[in-house]
Amino acid sequence: GIPCAESCVYIPCLTSAGCSCKSKVCYRN
């Protein structure tokens, strides 16, 4: 997927933007 702007190590991903956590990085589905 396409990496989002934030990581998900300390804070959750912006699921509203269609991003999910994979390998400590948020990716767009």
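Each Cβ is built from the backbone N, Cα and C atoms, and glycine gets one as well.
Annotated features, as they stand in Swiss-Prot:
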- CYS4-CYS19: disulfide bond (DISULFID)
- CYS8-CYS21: disulfide bond (DISULFID)
- CYS13-CYS26: disulfide bond (DISULFID)
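Locations of recorded Swiss-Prot features on the structure.
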residue	record	Cβ neighbours (10 Å)
CYS4	disulfide bond	18
CYS8	disulfide bond	18
CYS13	disulfide bond	19
CYS19	disulfide bond	22
CYS21	disulfide bond	16
CYS26	disulfide bond	23
CYS8 (disulfide bond): secondary structure state under DSSP, collapsed to three categories: coil
Rounded distance in angstrom between the Cα atoms of CYS8 (disulfide bond) and CYS26 (disulfide bond): 6
C-alpha spacing of CYS26 (disulfide bond) relative to CYS19 (disulfide bond), in angstrom: 6
